[in-house]
């Protein structure tokens, strides 16, 4: 038996039917090993050793893989053809080697394919290769970088900015883009400007519109007419003028089709045309790639969907051209096939573009066989693929230059018409911020023809701020900057929303206050690591590792030495210094240009300043506790929700850190006082909670103290005489020792969290002596 291992059951089902009975196809269900979410999973001091664990979820799949591998004559690793897929295959091979004592690498065959079709699968199985260690190392380097940033920067954030959940190597840079754009919008000052339109009529009484372009031989610029008075003066003068056609220009314009889809362009176009999120687009594309049921069979309908290559195979181009000729006619078919070059920064071109695996499966053929959203995305991919090999669109353009009889004023009218629809026959690309007017034809005009001016219209405009990022435009910007890779865009956008750092309103990203705080903090104290060029440079290094041009641990060492020094430096910063910096950096956002807006509206003498608390960021008066005014700056929290004791709000819901499993530990305040909580409530399952001892101040509750409290009740040893367990615990009556079903109070003079066995036995014996003395006195 030959064992074939893929990532998903759907992919396994599709591949299984193409291979004979000698093959057994099973799924790993994604990654079987990963770095556990705890300290020490990557060890810089040990040459970046990485401690991988098999998750509880993956263990049953690993058992099946190991069992079948014992019976197999060879293992075919058929995971996705990218770094992530190579990494999954490597982990599978490593686990099989360890569990089954396999020593030879020849036992493993790496098979890679760009599409799940019978031809591609058979060819891959017949032509296996060895695992590409360069690709594996590139993925390990990326994972290590993300871990080192997350598990050193996030805890620092929890200490310095209570309420902030995490920071990531790439997500923080994407967040900065969104926040920087919001800063531009807030600081933007609209400027007034005017232009003049003229409604004209030709000799056949046909109307058209022209725009004033020159006055006294001076070309009008955007701000040539800056107020209503100037516009009205010009309007009055133009009404007295007679115009004629000075010159007619005619020319043709050709529009070329866009390249076939890559990951980013598919996400952008699906967002514009279909309203799909990047996450939804990738989920559907994954299913279309792995295989869907179309009635008589399950087939993979598209090629691999994580790619930055725009090339198409020669066979695919031949099939596309054949279909164009058959369905649309020879005039829509260029003489030569179109060959595209990627414009993506650092594109790898390792895979084909995203295309249908069989171009003869037209959308019409599949409309009744696919789910609605699956059909929409497949149709988009099919149309773009066909269009990319079709003829140009040809536009006939007409430009009429008009002049006043005294030559003092010039105007221009434009018109266009589609002379040949070319690839428009199948597909038209959308624009993210479309501002093009509909194409209009001009009526017939002749040179020297006199034109009547029917109306002169002054048009008032204001400059507009840059638009907020949509999913499509943010992905495009990340791609232009060389930040992230095709496989990461969707997850970056999802994480920012899941962390409540940004919201998506009317399909545009708006940063939340927490998101802005994190960004300002990182720009202030970790500026290098959220610079666009630096992050893109790391992506370049990962590409060099994948190409075998750079040793991966050298790259990690170069990054870590500087980053760790930065962490240690910021750790020494006082929280007051950080708050002061945040206050200064966010001053314009919070108060604008009006200094009076900083004055406390309650006491009239204090100054408002930034604070962080239970409900996010808010403003509080500097005269606290004499003045308890506060105002939430988080959307939706200007209500009684944040009323209460200000000192409580400042310390409530503080994240202390995480336990060994990566679960967050909170310091909270309830109706009965402060308490420690492990994790969030999940449905009806309440998280573990323990009260804070009354002799401890909230400022004394560190992560170490919280972990000790959560570990209670805890066995601290065995009594040397009786052999019975001694347990330390804490209840509403205070700390206690439990011994032989008896509860013994721990006096305040003892640090009960660090109580040793000898002291515990001493307390037990003292309690025993007291009881015996009491008993004798009663007798």
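Note: Cβ is positioned from N, Cα and C throughout, glycine not excepted.
Reduced to three states, the DSSP call for residue 304 (active site, O-(5'-phospho-DNA)-tyrosine intermediate) is coil. Around residue 304 (active site, O-(5'-phospho-DNA)-tyrosine intermediate), a 10 Å sphere centred on its CB holds 26 further CB atoms from the protein chains shown. According to Swiss-Prot, the active site, O-(5'-phospho-DNA)-tyrosine intermediate annotation covers 304.
Around residue 80 (Mg(2+) binding site), taking its Cβ as the centre, 26 other Cβ atoms fall within 10 Å, counting all chains. Per Swiss-Prot, the feature Mg(2+) binding site maps to 7, 80.
The domain 'Toprim' annotation in Swiss-Prot covers 1-111. Mean pLDDT, taken over the domain 'Toprim' (1-111), works out to 93 on the 0 to 100 scale.
What Swiss-Prot lists as domain 'Topo IA-type catalytic' is 132-568.
Sequence annotations record features per position, and here Swiss-Prot assigns region 'Interaction with DNA' to 166-171 based on sequence analysis. Assigned with DSSP, the residues of the region 'Interaction with DNA' (166-171) fall into helix, strand and coil as follows: 1 helix, 0 strand, 5 coil.
Taken from Swiss-Prot, the feature site 'Interaction with DNA' applies to 31 (among others), supported by sequence analysis. The Cβ neighbour count for residue 31 (site 'Interaction with DNA'), using a 10 Å radius over every protein chain in view, is 18.
The site 'Interaction with DNA' annotation in Swiss-Prot covers 142 (among others) and rests on sequence analysis. Long-range C-beta contacts of residue 142 (site 'Interaction with DNA'), restricted to its own chain and to partners at least six residues apart, with a cutoff below 8 Å, comprise 83, 542. DSSP classifies residue 142 (site 'Interaction with DNA') as helix under the three-state reduction.
Residues within less than 8 Å, Cβ to Cβ, of residue 143 (site 'Interaction with DNA') and separated from it by at least 6 positions along the same chain comprise 34, 35, 50, 87. The site 'Interaction with DNA' annotation in Swiss-Prot covers 143 (among others).
Annotation for residue 146 (site 'Interaction with DNA'): same-chain Cβ neighbours under 8 Å, separated by at least 6 residues, are 168, 169, 170. What Swiss-Prot lists as site 'Interaction with DNA' is 146 (among others), and the listing cites sequence analysis.
Swiss-Prot lists 158 (among others) with the feature site 'Interaction with DNA'. Residue 158 (site 'Interaction with DNA') falls within a helix when secondary structure is assigned with DSSP.
Per Swiss-Prot, the feature site 'Interaction with DNA' maps to 306 (among others); the stated evidence is sequence analysis. The 10 Å shell around the Cβ of residue 306 (site 'Interaction with DNA') contains 24 further Cβ atoms across the protein chains shown.
Taken from Swiss-Prot, the feature site 'Interaction with DNA' covers 499 (among others). Its own atom aside, the Cβ of residue 499 (site 'Interaction with DNA') has 19 Cβ atoms within 10 angstroms in the protein chains shown.
Marked as zinc finger by Swiss-Prot: 600-627.
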Among the recorded positions 7, 31, 80, 158, 499, report those whose Cα falls within 10 Å of that of residue 304 (active site, O-(5'-phospho-DNA)-tyrosine intermediate); none is a fine answer.
80
Can you give me the Cα-Cα distance between residue 80 (Mg(2+) binding site) and residue 306 (site 'Interaction with DNA') in Å, rounded to a whole number?
9
Would you list the DSSP helix, strand and coil counts for the residues of the domain 'Toprim' (1-111)?
48 helix, 25 strand, 38 coil
Entries of 7, 158, 306, 499 which, being recorded positions, have CA atoms within 10 angstroms of residue 31 (site 'Interaction with DNA'):
7
If one measures from the C-alpha of residue 499 (site 'Interaction with DNA') to the C-alpha of residue 7 (Mg(2+) binding site), what distance in angstrom results, rounded to a whole number?
28
So if I draw a 10 Å sphere around the Cβ of residue 158 (site 'Interaction with DNA'), how many other Cβ atoms end up inside it?
21
Quick one: Cα separation, residue 158 (site 'Interaction with DNA') versus residue 306 (site 'Interaction with DNA'), in Å?
34
Quick one: pull the CA-CA distance for residue 306 (site 'Interaction with DNA') versus residue 7 (Mg(2+) binding site), whole Å only.
15
